[in-house]
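The structure under discussion appears below in the form of structure tokens.
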Amino acid sequence: MTALLLRRSASLFLTLLAVSGLIFLVMQVLPGDPAAIMLGTSASPETLAALRHELGLDQPMLVRYLAWIGGLATGDLGTSTTYGVPVSGLIGERLAVTLPLALMAIGLSIAIALPLGVLSAARRNGPADYIAGFISQLFIAVPGFWVGLLLALVFAVKLGVMPSGGFPGWQTGFWPALQALVLPAIALALPQAGVLTRVTRSSVAEVLGEDFVRTARAKGLPKRAALWRHAVRNALVPVVTILGLQFTFLIAGAVLVENVFNLPGLGRLAYQALTQRDLVVMQDVVMFFAGLVILMNFLVDMSYLLLDPRLREAGR
Amino acid sequence: MSAAPLLSVENLDIAMRLPDGGRLPIVKDFSLTLQAGDTLGIVGESGSGKSLLSLAVMGLLPPAAIASGRILLEGRDLMALDDDGMSRVRGRRIGMIFQEPMTALNPAMTVGDQIAEGLVRHEKLSWKAAREAAVDLLDRVRIPDPRARAKAYPHQMSGGQRQRVGIAIAVAMRPALMIADEPTTALDVTVQAEVLEILDDLCAREGMALMLISHDLGVIARMCARTLVLYAGRRMEEGDTRGVLTEPLNPYTRGLLRAVPRRRVDGAPLDTIPGTVPGFARLPEGCVFSDRCGDVVAACRAGEPAWTQPRPNRGVRCIRAQQEMPA
């Protein structure tokens, strides 16, 4: 078990390193010289060269790469070319919006998908199953940002019970800030909940056919207890796998939804950095996203060990 | 009449609902009575409906199955109970052991907890007390070092040990009736004997009645005082095990007995019953065994023979048996 953890941690580290190399390379081939963009078209070649030297752009690629990941390791992410502030502070500030948003979306998605999927599986081919199937198909078919626009239209513009966008900041109080995140979180969660419901249904339905569920019933457990204690417990591995995969889409979705709702989150920061050719910020934010995804996959892998005792030995 | 028998199955019919809306009858006109402490073996080939019978008694028939008739346990009609009512009977009054020890246990739960679970539900024990009782039960099914093994997961045990855990789960609440559906079929021969001995011992000690379902006449001869022979969902013959095995009345039973492998001096090939068990959709007219029976006469195909009792405690479904026996 400890050996397994160590091995997985090592592979986590190597993956991060490989990803950082890839991101760095992609940034190199991206058109546009950051120094030229900062100075505008009228700058003289001398000032340009001076700035390039100051930014370290005249150094060989390997040196710049090592400087970058060296900075990552020590927490120095460089300075934004457009904002002129340290990128680490920028990411931290934006994370205070995106992290609660993502957690709310994941929580909401689970809260919808798990009961709906389990209900579907328990009442296979009954009316409840068909209704749940219809709802989940609807969630899957409708794009999240469009749901966001619709939600904003209904709850913010027509009913006026929710803010339509923007973020007051946590310093204005917990509730106003949280309220600003509710509609975006719903918009992010629904498509994910749709997929997760389908996966939960098929996984639970499969386990319900297993012999050990019948054993559980034979010892006198009512349907409900056999369902939750035995079937659902053993159906969670595929569900958690999809949850981990969905995290990637969640981040992609956050870029869109944060723009729709005008939230100062990481997704919006990435979008702005892209449009303004702020390569330092872009490189760091993309690396941060990649790191999150890799970390998430690591956690999913580790959760298998909790969910399925057979893997604790098999993974040795 | 004496007191109500422990289990009495009356005119049980089980049919499967077909996707096209039709019904395929599987078990027909099945009855049996079992007194407390009785041991009954039900023998039949694969596909004779024997597993459906045990699931019917447990109230765990698949949703596509439709059952009619009566199943009385201690005088109470189980088929009239709703699922909650039946959940109070399952495990507590009837225990069941399944065929496949590899898949019958929950892979994500320790075996101790799987045994304790029934005690927590039925006897309202705390988990602590129930886990203690589980250790005791593991000891009774002769698992060495039960305290440590209670914390093991099923995959950490051998097939024979898992089947003993299955027995421990089934006997935990000291049910009055134990149903064992091919309990040793999936096990090695040496392990089979051990598991049967444990089962035999526990039934005798707790005074549990045993309904043992098997295709193996040897297992039934060893474990059961009475034997019932099932073919294509019909009772073919029933009686005390010695009588059925030494003086079979039904040609099907005779065929089964001839097909038991034994050492032969003449070097002749093993006897078999010609043909295969017919699918339930293609049963022959009249007696269901008529197409494979060596003693068949024209009258056998005229109509399904009735269940008759040519002697006290002996029952048979065969017109030839009636002709041969003096009334």
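Each residue's number is its place along the chain shown, starting with 1.
Glycine is no exception: its Cβ is also placed from the backbone N, Cα and C atoms.
Features reported for this protein in TrEMBL:
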- A:12-30: transmembrane segment (TRANSMEM)
- A:95-119: transmembrane segment (TRANSMEM)
- A:95-304: domain 'ABC transmembrane type-1' (DOMAIN)
- A:131-157: transmembrane segment (TRANSMEM)
- A:177-196: transmembrane segment (TRANSMEM)
- A:235-257: transmembrane segment (TRANSMEM)
- A:285-307: transmembrane segment (TRANSMEM)
Mark yes when the transmembrane segment (A:95-119) and the transmembrane segment (A:177-196) have three or more Cβ pairs under 8 Å (sequence separation 6 or more) and no when they do not. yes
Sequence gap of 6 or more, Cβ distance under 8 Å, 3 or more pairs: do the transmembrane segment (A:95-119) and the transmembrane segment (A:131-157) meet that? yes
Any contact, the transmembrane segment (A:12-30) to the transmembrane segment (A:285-307), with at least 3 Cβ pairs under 8 A: yes
Mind checking which residues of the chain, 6+ beyond the ends of the transmembrane segment (A:131-157), have their Cβ under 8 Å from one of its Cβ atoms? 113, 116-117, 119-120, 163-165, 183-184, 186-188, 190-191, 193-195, 197-198, 201, 253, 256-257, 259-261
